[in-house]
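Contents: one structure, followed by commentary.
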């Protein structure tokens, strides 16, 4: 795919949704961090159901530590892998209190030292909470990038590097959300909605649905 096509893709996605954001509910960087940790192998909808009950009672590292491990589990037990996620969250809260004055760090190096936070999660936090032009390649972005020809790659690291290289700087901050939302609602895994797709004529997918 050439530069002109890529630019037009993001021009159209931008016109459709000028201010895209995550569908996870949050009001602070800490709430976003916990929601993203919970979202691994889970849906945003499922995470939001849990955090709607959790955050009114405990939405700071100190308050979650006061809940205790078993207390936290009661609020997140509907989410997959909640036992391990609860342990990660408790340890993360302890580290935030002890090492970061209860604030979420805004560097990749410090974020990735937190339990349950890998490169993808760190990229989401840096992009959504702190406005860094990062690219968190999840299953939706990986699929859209390969299927459309936007940034084909054999693994998430390759796709991430290509997207960062190919996407015009003026689109880079929001590109993460545009691609996720496009993959979630239009370029779906099993049956993409090609007839309704605003970038159908630019897409290089050979098996478009009718």
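Each Cβ is built from the backbone N, Cα and C atoms, and glycine gets one as well.
Caution: TrEMBL annotation is automatic and unverified by curators.
Since this is a predicted model, take the numbers as computed values, not measurements.
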Checking TrEMBL, the member of 93, 203 that binds [4Fe-4S] cluster with 187, 194, 197 is 203
Taking the centre of the Cβ atoms of 187, 194, 197, 203 as the [4Fe-4S] cluster site, the remaining residues of that chain with Cβ inside 8 Å are 147, 148, 186, 192, 193, 199, 200, 205, 208
Here the 10 Å Cβ neighbour count for residue 187 ([4Fe-4S] cluster binding site) comes out at 22
Taking DSSP H, G, I as helix and E, B as strand, the domain 'Helix-hairpin-helix DNA-binding motif class 1' (109-128) contains 13 helix, 0 strand, 7 coil
Using a 10 Å radius on the Cβ of residue 194 ([4Fe-4S] cluster binding site), the other Cβ atoms enclosed count 16
